[in-house]
Structures are given as C-alpha cells and as structure tokens.
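Student: What follows is a structure written as structure tokens; I'll ask about it next.
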C-alpha cells in the first residue's frame, strides 16, 4: 500500500512538473525526501504496530512495585503479631481494633498530602520520603513499651503507606507505554499480596521465639524493603517523563522515554501527547466544578452511585478486617498452636497470591460483571461455611480453614482487581479526578470502620452470627450490583456516557463531556457553568466525542 501511495504521488508530481517544472523542482525533491522520512518513521509509531516492552520499563516498574510490598507486609505481619502485641502490652480489644483500623485513617492523610512532594519535587523523592517515613514508624513500633508510643509509630507507618498508595501506581502508569500500562500497574497489586505473604512468613520464622520478643522482630523486618526502595529510587529509577514535561524539562523526558520505548521510536511524539494530556486535564479541572459532584444531575448521580458504590462494597465485604483478624478466627475455631496458625496463614496467603495471577487475565476475557457476581456469591458461601464451623454443623478447624481459603480466593478473583478498573471506566473525563478522590476516600473510610469494630461486633454477635451477617451483606451487595453495575469490558468511554444518558433520560452529561473536546486548540477553551441544567436545549450531537481510554484504569490499587 505504501508503494502504491508513493507511485501515485510520483505520477502527480510528474504531471505537475510538465507545466511548472522550473518553479517547483526543488519543492518536489524536498517533498519526496520528507515522504521517505515519514514512511521510514511511521510504522514505528503506528498504534497497530507491535511494540515490544523494554527491559528498562520492566526494571522501573519492578522497583516501583517493590514499594507496595511495604503495605502488604504491614497487613501480613500484623495478622500474626497483633495478638502477640495485645498479650505483651496488655491491650484491650478496643485498643487493638484502634491500632489496626488507624492505619487506614493515617494512610488517607498521607495520600491526600502526597501531592505536595509528588508535584513539587517529583516521583523519586516521593518514593524516598514514603520509605523513610515507613522505616521511622516501623522502628517506633518495634521498640514501643506502651500503647502511646505504639500508636505514634502506627501513625508514621500509615503516613508512609498513604504516600506509597499515591505514588506507586502513578509512577508505573507514567513510565509505561500505553499498550502495557494496565499489565504493569497490576504489578503494584501483585506486590501488595506478595508483601502479605512475606508478613505471614515472618510470623512462621519467629513462631518459636518468646512472644514478647517475636512481634518486635517481626515489625523490625519491615524496615528492610524500604531500604531497597530508597536505593532504587536514588540510583536506578529515572524521574517520571510526565513530571519532567509538566515542569518544562522536555529534554530529560526524551532521554527517559528513549529507555522506555524501543530503539528508533520517535519519542518527540510521545512528549507532544503528554503535553496535550496535561492540557486536557487542566481544562477538565476548570471546566466542571464540585457543584456537579455535590449536586449531580440524574446521569452523574447514577455514575457516582456505581463508581463510589463499588469502592465502598469492596471493603464492606470485610477484606481488610478479615486479614487483620485471621489469627483470632483460627484461635476461636480451636487452633491454638502458634506454629500451626502461622503455617495456615502462609497457605492462605499463597492461595490469595495465586488467584491474583489468574484474575488479571480473566478480567479482560470474561468481563467485569460476571467476575464480580461470582466473587460476591463465592464470598457469601464462604462466610456461611465459616459460620457453620462455629455452630458445629461442620468440623470447626477444617470448616474455618476451608471457608477462609475460599473467601480469599473468591475475593481475589473479582472484587479485588475489578473495583478500581470499573470505577475508572464509569467516571467520565469531566469528573474523573474528583470522583476518584471521593471513591478512594470512601473505600479507606469503610476499611477503617470495619477494622476498628470487627472484634467487638463479632464478640457481641457471636462469631457464627457475625459471619452469617457478612454472608447476607455479600448477597445484598450482589443484588445491588446486578441492578446498577454496567458491563464496561471493551466499551469505549463515549459509549458509557451515552449509556448513562439513555438510562436516566439526562443528556446534560453529553454536553458536559463535549465541552472538553469541542476545540482542537485547548488555549481557546472557556470553562462552562459548573452545573448544567437538564432543561437546556439538547445538543446537536447525541454521543460524546471520541477520546482515548483512561491511562490510569488500574492506577488505584486496593490495600488487599
């Protein structure tokens, strides 16, 4: 086809030269040279052309994902160390719940304030700050002799975790070519679960040590990984090209992109795309105010209901709380040996880790809705099995282990990986940044509430009654998802806007989206009114203009 095009252009040039040869001979030579240059470079940057992921990209993504292991390790190590800390320091159930639940509270503060370092000093400094704060908090927890010092250390650990939650997937998304972005960002999710396994393993390693000393060693081991993160952020990882472009350092961004993309790739085009993306985000930020979020029209209300609703549902099925209190559940089922408990924890962690590997592929093959439905139904059945083990209808130890293993597997197959993918896909461009912030806050707040009340509620209701209640909660969420959750697999964002406009009869969402892409020159853009009234005249176009899929569909990870 390229040869045919070239022959056609040569014939056209020849015909023209018969008339005006003296005038345009030099121009034709220049055009032919330019055409040859374009033909030589075009295939490399064609979206349909195969693009190989570079070793440098994998290395940088690995280094960034390693920071997520800190969060996973904290969850895993506290699962085994929590009961030891309670016995050693004489903590009440309420104090232990506050210790567990406060991590999410402090993490929210860290995530909300991370933009100060992220935007001003860059992603690499964010990694360093996150790791240093985590190390300091870990040391305080390890040497604590009273509850106050323990909670101060917990506060710093939570702040470090919050910084990590904000920067890890963000850096991977910005350093990765779009074709591999989703897969590489999932490395952060995998790293969290790998960290959980490491935390479980630490409990097994120190299972034979006196419990007054064991939990201190277990906490101390958490300072090892952050040291590697600091080293990698200083000597291995480059700065994010997006941050470099945003700060007027395009030359340095090109150097980084040359490592990320294969040899011969025209990275100047990527720099231009980054500049356009940054400008579009600026336009979106000013085009639609918080009024659309706080006082939404019917279509926006339905979108927020789905996106924020599923983020709350992820924690409402109890994942963080269950992980923190696994040892208490095993002990209540009749398993008293510390070594046996740690072996079981390690097995459960490996089950969860293995299912995560499978879930990433199934998500794009089978769709979001089927996996979410299977996940919720499986969680409900799993909770019922655990409840029956406490009632005595099943052998208590075996029933509890089987039920917990099934719960972690079913959660990891759907509700774990699908939540933030769905949220980023249903939120339209005009409200994505603000809506994702609200969804993240709601997710962490729900996790805080559940982890801070799990033990008290289970004791008050009896363990069997508590798990029956959790089974019912999963079924209620399943019914809610069946009614409200759309299938987003393979559906362009403009179709999602059209979908919510049709089911609500509200076309204002299409007008709000169109304002962001109405002009090719963003500098001519003028922000519309924050709130669009439904009774305004219907726009001529019934579908939102085309735009690329979200680059950070997998950016927001889950703590479990």
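Placed from the backbone N, Cα and C atoms, the Cβ positions cover glycine too.
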Student: Scan 247-274, 275-302, 303-330 against TrEMBL and say which stretch is down as transmembrane segment.
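Tutor: From TrEMBL, the annotated transmembrane segment range turns out to be 303-330.
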Student: Pick from 67-89, 435-457, 504-526: which range does TrEMBL record as transmembrane segment?
Tutor: 435-457
Student: To which of the residue ranges 155-172, 533-550 does TrEMBL assign the term transmembrane segment?
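Tutor: From TrEMBL, the annotated transmembrane segment range turns out to be 155-172.
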Student: Identify the transmembrane segment range according to TrEMBL, selecting from 28-53, 184-209.
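Tutor: That would be 184-209, per the transmembrane segment entry in TrEMBL.
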Student: Restricting to the domain 'Major facilitator superfamily (MFS) profile' (60-489), what is the model's mean pLDDT?
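Tutor: Computed over the domain 'Major facilitator superfamily (MFS) profile' (60-489), the mean pLDDT is 87 on the 0 to 100 scale.
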Student: May I ask which of the stretches 129-149, 155-172, 342-359, 400-423, 435-457 has the most CB pairs under 8 A with the transmembrane segment (303-330)?
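Tutor: Comparing 129-149, 155-172, 342-359, 400-423, 435-457 against the transmembrane segment (303-330), the winner is 435-457.
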Student: Take the transmembrane segment (371-394) and find every residue of the same chain, 6 or more past its ends, with a Cβ under 8 Å from one of its Cβ atoms.
Tutor: 310, 317, 329, 332-333, 359, 362-363, 400, 402-404, 406-407, 409-411, 413-416, 418, 422, 462-468, 470-472, 474-475, 477-478, 481-482, 485
Student: So, taking each listed stretch (129-149, 155-172, 184-209, 342-359, 435-457) in turn and counting its Cβ pairs to the transmembrane segment (400-423) that are under 8 angstroms, which one gives the highest count?
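Tutor: The listed stretch sharing the most Cβ pairs with the transmembrane segment (400-423) is 342-359.
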